[in-house]
Amino acid sequence: MTNIRKTHPLMKIVNNAFIDLPAPSNISSWWNFGSLLGICLILQILTGLFLAMHYTADTTTAFSSVTHICRDVNYGWIIRYMHANGASMFFICLFMHVGRGLYYGSYAFMETWNIGVILLFATMATAFMGYVLPWGQMSFWGATVITNLLSAIPYIGTNLVEWIWGGFSVDKATLTRFFAFHFIFPFIIAALAMVHLLFLHKTGSNNPTGISSDTDKIPFHPYYTIKDILGARLLILALMLLVLFSPDLLGDPDNYTPANPLNTPPHIKPEWYFLFAYAILRSIPNKLGGVLALVLSILILILMPLLHTSKQWSMMFRPISQCLFWILVADLLTLTWTGGQPVEHPYIIIGQLASIMYFLLILVLMPMASTTENNLLKW
């Protein structure tokens, strides 16, 4: 008799995606981050659901409702900090996942890659709106500064900003709609993740060599399920160490001050995972130019398949490209650090140089290095 998991309409889908899925035999731990992102998303939805039960999306009570969650709700403090630090873990996994895709040429699967970029944008939008909800000083001023960037769009900019605000400033209407969107977006992300997986399973996974692994596949279960469980345990360990020992390490002290439209904080900055993009935005003195550079810094990922000039997809056997890739990583870390510093000398010039380097590496140096490697290999 055939096993029920292979015949039942619903179990068959699960079976083909997580049990009998043919996977390359040589994929490394860099391929763990997809499942870790799934775990992060589930964790964020669950903790967020419990937070939403006690949170009130009103300017007069939002801040005190978060305080109430931490002080009066049973284990409210751990739920709140798991949600806040869970977002940081989510972005660490996201950046690793995207970095793996760039290094090993996973952008060859264009549908999967493009949906991945849309997922990145959706996650960034969700995290931004979530940061506004506690209604602290940094929440309010972060929302004011970032939404105001849309006013740089010619003709419709000002109207667009006021439409998003629901008034003439960030106020009750803004907070209510941000809460509504912050609640619905993770479910949209989950649906997009399903489509992401659907396209991935059409082509099969990439592997470190970048060569087709059709001749050498192994079942996903038990080999990669056990590997993913190890990754999940390490992720939860890291998250709980952060939550239980240093929950405010990645937060901003200004967000423990209730929002005050009459008092601007000395240094407005977003959460650490947006600092690289914020540094690029700040590097350009022109408002519209800065906004375009900010959007392009992420949107440039969609161009990766078009910028690929090498005859090999993976960087595994391409030392020059490897070197440039790690310079790019160092450049992004520099941008992240600069974005968190005040707008003064020498941080302005460091940010500008790092921003130029970022676009130069992706658009010019890496394609040139790939062509050079082709010539060295006489291809």
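Placement of Cβ uses the backbone N, Cα and C atoms for every residue, glycine included.
Sequence annotations record features per position, and here Swiss-Prot assigns transmembrane segment to 33-53, 77-98, 113-133, 178-198, 226-246, 288-308, 320-340, 347-367 based on similarity to another entry. Per Swiss-Prot, heme b b562 binding site is recorded for HIS83, HIS182. Taken from Swiss-Prot, the feature heme b b566 binding site applies to HIS97, HIS196, supported by similarity to another entry. Per Swiss-Prot, the feature ubiquinone binding site maps to HIS201.
Sequence features annotated in Swiss-Prot and their locations in the structure.
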| residue | record | Cβ contacts under 8 Å, 6 or more apart |
| --- | --- | --- |
| HIS83 | heme b b562 binding site | GLN44, THR47, GLY48, LEU51 |
| HIS97 | heme b b566 binding site | PHE33, GLY34, LEU37, GLY116 |
| HIS182 | heme b b562 binding site | GLY48, THR126, MET129, GLY130, LEU133 |
| HIS196 | heme b b566 binding site | THR112, ILE115, GLY116, LEU119 |
| HIS201 | ubiquinone binding site | ASN16, ALA17, LEU21 |
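The transmembrane segment (178-198) is in contact with the transmembrane segment (33-53), judged by 3+ CB-CB distances under 8 Å for residue pairs 6 or more apart in sequence. For the transmembrane segment (77-98), same-chain residues at least 6 beyond its ends with a Cβ under 8 Å from one of its own Cβ atoms are 30, 33-34, 36-37, 40-41, 43-44, 47-48, 50-51, 66, 69-71, 116, 120, 123, 127, 130, 235, 238-239, 242-244, 247, 250-251, 271-273, 301. At the 8 Å Cβ cutoff, the transmembrane segment (288-308) and the transmembrane segment (347-367) share at least 3 close pairs (sequence separation 6 or more) and count as touching. Sequence-distant contacts of the transmembrane segment (226-246) (same chain, six or more residues past either end, CB-CB distance under 8 Å): 29, 32-33, 35-36, 39-40, 78, 81-82, 85-86, 88-89, 93.
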